[in-house]
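Undergrad: Quick one: the structure is below, and I'll ask about it shortly.
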Amino acid sequence: MAFLVRMLGRADYEPVWRAMQEFTGQRADDTADELWLVEHPPVYTLGMNGDPAHILDAGGVPVVRTDRGGQVTYHGPGQLVLYTLVDLQRRKLGVRRMVSALEQAVIGLLRQYGLEARARGDAPGVYVDGAKIASLGLRVRRGCCYHGVALNVCPELEAFDRIHPCGHAGLAVTRLTDLGVEAQVFEPAAALVRELMVQLGDEEIAA
């Protein structure tokens, strides 16, 4: 099985989210899985069971209650978002395995830059020296998942000061540029997709 990879450029969060819902709701048993790469304008998203109290001060940034798991996170310019529209049932993948594949894909990407990163069992995502560099959340519907992982390449980090990232007060957040990697937002995209392919033993079809 192969993935169809779509580069969406910069796009507002809500239309992309609605498109993921529509894709998942209409897909058939033989619909190809897709990966969407996108950068969003500033937005805070709150998971299904997320506590609004974790948003300290939105500061005029839109807040969207979405249907992924997890608490609150920030998306904005300089952050690379990889959405995974995957038929887990067809691939015989559990949710935990998919989460692990996303985490390990980011860890593998960071290793290419000479950075040692790890996942945490108590707080999904990827961390470098205790600071979070990638957040993730999924929704499963009809045996298929959507949403995905967000990697901080070169975003402004002040927006994270206005929330408890992923529901954890005082959680440190970092980005590639603070770790000595000068990159534009979409530069790591191809390598991140390849790392995910390694984790899932798959092939890529560029769209």
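Keep in mind that glycine also has a Cβ here, set from the backbone N, Cα and C atoms.
Residues annotated as domain 'BPL/LPL catalytic' in Swiss-Prot, with sequence analysis given as evidence: 29-204. Here Swiss-Prot flags R68, G69, G70, Q71, V72, T73, Y74, H75, S135, L136, G137, G148, V149, A150 as substrate binding site, drawing on sequence analysis. Sequence annotations record features per position, and here Swiss-Prot assigns site 'Lowers pKa of active site Cys' to K132. Marked as active site, acyl-thioester intermediate by Swiss-Prot: C166.
Could you place these features in context, so I can see how deep they sit and what lies close by?
TA: The Cβ neighbour count for Y74 (substrate binding site), using a 10 Å radius and every protein chain shown, is 27.
DSSP assigns K132 (site 'Lowers pKa of active site Cys') to a strand. Just so you know, the Cβ of K132 (site 'Lowers pKa of active site Cys') picks up 22 other Cβ atoms within 10 Å once every protein chain is counted.
Around C166 (active site, acyl-thioester intermediate), the same-chain residues six or more apart in sequence whose CB sits under 8 Å from its CB are G70, Q71, V72, T73, A123, P124, G125, K132, S135, listed in sequence order. C166 (active site, acyl-thioester intermediate) carries a helical DSSP state (H, G or I).
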Undergrad: If you count Cβ atoms within 10 Å of the Cβ of G70 (substrate binding site), leaving out that atom itself, what do you get?
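TA: That number is 22.
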